[in-house]
Ligand SMILES: [Mg+2]
């Protein structure tokens, strides 16, 4: 474990940092986790110990996920859909990886029909790229934080960029321009807060601004990693939609990017809830689920994709569907593939890749929704077998249900929402969440009470 190595001098230095941060800070979630772990039985420790997800020098399939399996879900249908969404994304990513940036003309002459290695990144067949890596960073954050923390997400994206955390190769080989710019800003802000090294990487400084993107960023880097938000919060689709937008803001600040994520999270929630395809793709989907979107309406360009069914183009590429890097066009292409796939994930995901250009991301976005709708069992077994770190991804997916805040805290949050009457009071909302998490962590540490799982 990277954090446990080092010389005695370094360890003393780190101990000093911890002691200083304890004196100066509000609650360090990580340290409370450590305290909690020391007080728990072996069985319980497995549920609450999230340190195994903070290891940055191991590849995903080398992490100790085998000894940290959550309780098996009693809802096999839901589990099938959750696994389907995560693996649908990873397969799409891996299918498109070898031809990323290839134009349509190339793919017309050399269509992708199977997983293959080599090409753009020189990967092995089944290895995936930044889409799945960032989604796994997001997933790990939701699990470790028992909820949404933009700061923690950014720290993990930084680990991926600089240390290869959650990468299929052990290093970051492909980072989008908007994401890179946002992470540069994040690191600069961290250094501003961290000049005297009194805080730890994962400890959020008070007042830290996590919106690190320029307001004009509307590429698809926020949509390609979205699935964990919808899968984690789906039991309250309002939360899923709200946090989908917040998850985009860290790296992609344009309203179209934010609202593309809000809409797509709603569509994934609908698929998880068992809605039929004609309901999910209904021109009135937005109106039919308006209560999920709170008081902030969708950008018109985004809502028009559903309302005017602009993705329903039989000619596909020849009718203007593009596998471009723009969020709005990726959203449209993914919906087009879902609409025209004849109820076959295999058909839809290959159509996405063969659009050309941002092949892996178009397919990964389609895979999040199509995988949730069709389920893991409908994904081609020959592809599942080849996907890198398949069992790790499934274990991560199983943790969503097991790592949420306990009901008592959720009730307090809901009551608070009712009192302030708006889901969009972001700063107040997040402050309350942080406080509640801190109070809960203290209760667990002092009284040894915990999640009833
Ligand atoms: Mg990629």
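Glycine residues also receive a Cβ, built from the backbone N, Cα and C atoms like all the rest.
Heads up, TrEMBL stuff is auto-annotated, nobody curated it.
Looking at 22-45, 46-69, the range annotated in TrEMBL as region 'Disordered' turns out to be 22-45. Sequence-distant neighbours of residue 131 (Mg(2+) binding site) (same chain, 6+ residues apart, CB-CB distance under 8 A): 89, 92, 93, 224, 225, 360, 361, 364.
With a cut-off of 6 Å between Cβ and the nearest atom of ligand 1, the binding-site residues 129, 130, 358 reduce to 129, 130. DSSP assigns residue 358 (Mg(2+) binding site) to coil, not to a helix or a strand. Counting other Cβ atoms within 10 Å of each Cβ, the lowest count among the binding-site residues 129, 361 belongs to 129. Secondary structure from DSSP puts residue 131 (Mg(2+) binding site) in a helix. Within 10 Å of the C-beta atom of residue 358 (Mg(2+) binding site) sit 27 other C-beta atoms, taking all shown protein chains into account.
Within 10 Å of the C-beta atom of residue 130 (Mg(2+) binding site) sit 29 other C-beta atoms, taking all shown protein chains into account. Neighbours of the Mg(2+) site: apart from 129, 130, 131, 358, 360, 361, residues of the same chain with C-beta atoms within 8 angstroms of the site's C-beta centroid are 93, 96, 97, 100, 174, 224, 359, 364.
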